[in-house]
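A.B. asks: First, the structure itself, so that you have it in front of you.
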Amino acid sequence: MAYPFQLGFQDATSPIMEELLHFHDHTLMIVFLISSLVLYIISSMLTTKLTHTSTMDAQEVETIWTILPAIILILIALPSLRILYMMDEINNPSLTVKTMGHQWYWSYEYTDYEDLTFDSYMIPTSDLKPGELRLLEVDNRVVLPMEMTIRMLISSEDVLHSWAVPSLGLKTDAIPGRLNQTTLVASRPGLYYGQCSEICGSNHSFMPIVLELVPLKHFEEWSASML
């Protein structure tokens with residue numbers, strides 16, 4: 001999860017988030033090299049009074065600065081498209097969970113079970129126990145099995161919301177009348193926090209998301225206790 005004065009991303013908990021972090025580093029390096037080159041050219045132009053007449057009007061230079069940006073864009077686009085298709089691919093999910101956004105709480109339905117549904121509200125600051133996180137704790141956590149493909153179906157009952165868990169690389173809009181889906185695969189157990197990421201009214205900041213990823217055996221015990 002995030003911590004005070006954090007400058008980087010949260011630690012990746014899913015294969016998709018790991019790919020996104022690698023893509024970020026790849027793109028950042030390209031941007032850094034381009035920025036360094038531009039800064040060098042500007043500095044050299046400002047610090048010298050000489051004019052390079054051979055480069056002011058040259059067919060070779062125009063060819064280079066047309067082809068080189070195209071190559072750079074391809075180097076950025078190819079890994080981006082690969083990750084995009086990975087995020088949209090859902091093959092034989094082990095579990096499906098339907099998430100509905102409300103003003104201002106989330107409701108969850110485990111569609112593979114007969115009657116496993118609950119609402120998830122933020123715990124007020126006055127009711128927090130020692131060690132619990134302000135504005136991030138909920139009364140009912142979403143318990144899910146780790147290392148299994150889980151399909152999340154996301155929609156809304158009223159206005160636009162967005163279901164986001166940064167450490168898993170998830171951010172999917174909850175749109176009234178539309179059912180969006182995303183894939184969730186957690187590589188290790190733990191508590192993972194998120195929040196509504198679409199301004200949805202006066203209590204938008206009070207719609208936290210808490211996922212509790214556990215081994216399959218513990219998930220089966222939890223689901224049996226909830227039925």
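Heads up, residue numbers simply count up from 1 along the chain you see.
Any Cβ shown, glycine's included, is placed from N, Cα and C.
Dumping what Swiss-Prot says about this protein:
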- H161, C196, C200, M207: Cu cation A1 binding site (BINDING)
- C196, E198, C200, H204: Cu cation A2 binding site (BINDING)
- E198: Mg(2+) binding site (BINDING)
- 1-14: topological domain 'Mitochondrial intermembrane' (TOPO_DOM)
- 46-59: topological domain 'Mitochondrial matrix' (TOPO_DOM)
- 88-227: topological domain 'Mitochondrial intermembrane' (TOPO_DOM)
- 15-45: transmembrane segment (TRANSMEM)
- 60-87: transmembrane segment (TRANSMEM)
A.B. asks: The topological domain 'Mitochondrial intermembrane' (1-14): which same-chain residues, six or more beyond its ends, come within Cβ distance under 8 Å?
C.D. replies: 20-21, 24, 166-169, 184-188, 190-193, 213
A.B. asks: Other residues with Cβ within 8 Å of the Cβ centroid of C196, E198, C200, H204 at the Cu cation A2 site?
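C.D. replies: Close Cβ neighbours, site residues excluded: G101, W104, V159, L160, H161, S162, S197, I199, G201, M207.
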A.B. asks: Just to verify a number: CA distance, H161 (Cu cation A1 binding site) to E198 (Cu cation A2 binding site), in angstrom, no decimals.
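C.D. replies: That comes out at 5 Å between the alpha carbons.
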A.B. asks: Would you list the other residues of this chain near Cu cation A1 - those whose C-beta lies within 8 angstroms of the C-beta centroid of H161, C196, C200, M207 - in sequence order?
C.D. replies: G101, Q103, W104, W106, S162, A174, Q195, S197, E198, G201, H204
A.B. asks: Just counting, how many other CB atoms are there within 10 A of the CB of H161 (Cu cation A1 binding site)?
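C.D. replies: If we count other Cβ atoms within 10 Å of H161 (Cu cation A1 binding site), we arrive at 30.
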A.B. asks: Pop the Cα-Cα gap between C196 (Cu cation A1 binding site) and H204 (Cu cation A2 binding site) into the table, whole Å please.
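C.D. replies: Roughly 7 Å, rounded to the nearest whole number.
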A.B. asks: So if I draw a 10 Å sphere around the Cβ of C196 (Cu cation A1 binding site), how many other Cβ atoms end up inside it?
C.D. replies: 25
A.B. asks: Average the pLDDT scores across the topological domain 'Mitochondrial matrix' (46-59) and report the rounded value.
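C.D. replies: Mean pLDDT across the topological domain 'Mitochondrial matrix' (46-59) comes out at 70.
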